[in-house]
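Since the structure comes first, as structure tokens, the remarks are kept for the end.
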Amino acid sequence: MVKQTIEIFARVKPTKKPTSEYFADCDEQGGSLLFLVPRDAADGFINNKRENYKFRFQKVFDQTASQEEVFENIAKPVADNVLAGYNGTIFAYGQTGSGKTFTITGGAEHYNDRGIIPRTLSYLYRYFSMNNTMIYTTHISYLEIYNESGYDLLNPQHEASRLEDLPRVTIMEDPDQNIHLKNLSLLQSANEEEALNLLFLGDTNRMIAETPMNQASTRSHCIFTIHLCSKELGSARVRCSKLHLVDLAGSERVGKTGVGGQILTEAKYINLSLHYLEQVIIALSEKDRSHIPYRNSMMTSVLRDSLGGNCMTTMIATVSVEKKNIGESLSTCRFAQRVALIKNEALLNEELDPALLIVHLKKENQSLKEQLALMTGEQRSDKLTQEEIQQLEGLVNVYLEDPDCEVTLDLGPDMRKIQFCFSLLKARVREKPCAGSSIPLTGMLDGKDRRSHEDVQKLEEMLAHRDNEISILVNMLKREKKKLQDVTSQMTKPQNKNESPTTLEAAESAKYDSSNGDIHAQHLMTGKRVPELSAGQQEVFEVFLRDHKEHLSIEDKRAVLQQRFVEAKALGEQVNQIRTRVNYLKGELKNRRKQMAVQGLTGNQTESELDPFEEKILTQIEEEKKNYKITSGCLKDLKTEIEHLQLLLEKSKVKIQSDFENWWTQEGARLQGHSGENTGNNRRGISPLSHMLTRKNNLKDDESDLHEGRQGEIRDKRSLPSCDFSSTPFLLTGDKKTDADIEAFIRARHNLLNSTGETKH
């Protein structure tokens, strides 16, 4: 890999008259251009504009420099790198009429006026004829980019057809981000004469027009590419490189030249593509730039490798030092200084020739076969004989029928026999086992047993989880029974005489209202985490949430938050109303001013008179603006308070969920032993969790029916009829102790309800 910056050179176009607007330093080690821009007296006495502009280049070619000198210093080193296997690019940049095409292609009047392209072709083919140790193959392509559309200049239909009828060259990109050009001809040239004929054909097909700046101005960008492949005699390594010789169309200021029509359209496309080229140059010169806009134009896409890629690139800045062109020349030199900041990483394009590699491998394979036959004393073919196949089948049968697990199948160092035995064993395994077959299928049986064992483990884990849930539900049921017994003992004591049935009715209603509120709060506080709980855990969570210390605090915060939402909505409506009134007043003021303007034109009113109606509207607008600021400030403060309340409420939700998970885990661990003792009883018949959930649903249905009956009793002032507990069927868990607790809980509840009904008479 060779890392180097883009080399920049400057060439000054000869002028008809001597000029003192510039000074050129043509030193061999590094040249410079100095432009003198005198201050204009019309700009005033105080004028701080710069007068001197100095730019440094690798070398500067003054007006007297010849084409041969330009080739020796610029193109020849690049051509040598291409012969060594590196990609190369030479492109000329400058305003229209500054000598770009003359430098790249050359003039047609004298032989010494040949440009870089024909001189490079001559140099390459002369080098090919002198080097007899290498084989060279060259292919040539010639691309024209006209109005951001690509055309093949070497297309034989180019002369006989209109430009719009020719197939356009399109850009295609492979997964490795390599650019490929579709519909672009790649023609082989065996000698210098064929290559020059292709160059002449492409130059004939180029778009040329007469402009105020140049009588034969090229109106398109052209890229002449030489594809070179080289390899040594008898070697499998091939070096493939390419050389781009780019002639860019000249930029021009449309306002200065005054062109129009088709030439104006062409100038727009030229300036746009050069602008995209400058964007790419600026992006590449910035170190922290992550995206390079290569795809903005076709020219930058084709030259992707030349600009910051795998290529050794050289730029020629052509300048015109006439006084009227100093501004464009300064712009060209600034562009060259930015180009000099770009670093390319050129790689040696060397790879193995696939055809030669295949031939080499075949020879090596044949040589190894001969060596093997010499060592073993027998000649081997690629296929086994029929006798060898029968012998191997017998060895495989003996190996499979032998009950000894340590027996081996000895085939010798012959890969043909080993592969045949593997294929034979695979066919035996895939066959369906017959009734009298003695082939063991231990591996297959082991796989089934392994899967069955894993299923059993999963079921056992699921059963243990359900047992833990049942144990926790039973404990919760015991606690509820204890609370109910405490309430029953208090109700059996003499009640206060001042207590009325209305108080009992309110307490009963509050009980059911709080239950509904707990269910609503559960869905609100747990958010997305409630659906992850099982049915048993959800029922336990309802009770846990009702008894949690943060429950009342959360309800208060929810109430305050709802109130703040109502206030915010009201303030928002006020703000919208104020905005509507202001817009209405502005419309009235506009209409009033129109009326006053009409009256002033007709002479009915002088300009010095003040309109009291207009002053009134302005005063109202100012008042509405003050109200808008005050209301908006209140709304902003209220929004901050709402966000704070939402944050506190969210923290409380997370805390309750975390407390419930910790409590659930502790209860499960504590009751692990108890659930293990009852495993034998719980695995009979229906699942104990199904019993428990069914029982829980029955209890809820009984409570709902009893609540409806209680409401009817309050309305009708009648006694509650007693319920015979022994005649009511209930589904039990199968555990004697648990069933006794459940029956005691139901009995105590009915006694409590009966005693309450009697006190209301």
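Quick reminder: no glycine exception, Cβ is built from N, Cα and C everywhere.
TrEMBL labels come from automatic prediction, so no person has curated them.
As annotated by TrEMBL, ATP binding site applies to GLY94, GLN95, THR96, GLY97, SER98, GLY99, LYS100, THR101. Under a cutoff of 8 A between CB atoms, and with a sequence separation of 6+ in the same chain, the neighbours of GLY99 (ATP binding site) are ARG11, LYS13, THR318, SER320.
Sequence annotations record features per position, and here TrEMBL assigns compositional bias 'Polar residues' to 486-503 (among others).
According to TrEMBL, the feature compositional bias 'Polar residues' maps to 675-684 (among others).
The compositional bias 'Basic and acidic residues' annotation in TrEMBL covers 698-719.
Annotation source TrEMBL lists domain 'Kinesin motor' at 5-342.
The annotation region 'Disordered' is assigned in TrEMBL to 484-503 (among others).
What TrEMBL lists as region 'Disordered' is 671-721 (among others).
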Quiz item: Does anything in the same chain, at least 6 positions from GLY94 (ATP binding site), have a Cβ under 8 Å from its Cβ, and if so what?
Solution: LYS100, GLY250, SER251, ALA317, THR318, VAL319, SER320, GLU328, THR332
Quiz prompt | Nonlocal neighbours by CB distance (under 8 Å) for SER98 (ATP binding site), same chain, sequence gap 6 or more | solution = LYS13, GLY250, THR318, VAL319, SER320, ASN325, GLU328, SER329, THR332
Exercise. Mind giving me a neighbour count for LYS100 (ATP binding site)? Other Cβ atoms within 10 Å of its Cβ, every protein chain shown.
Key: 26
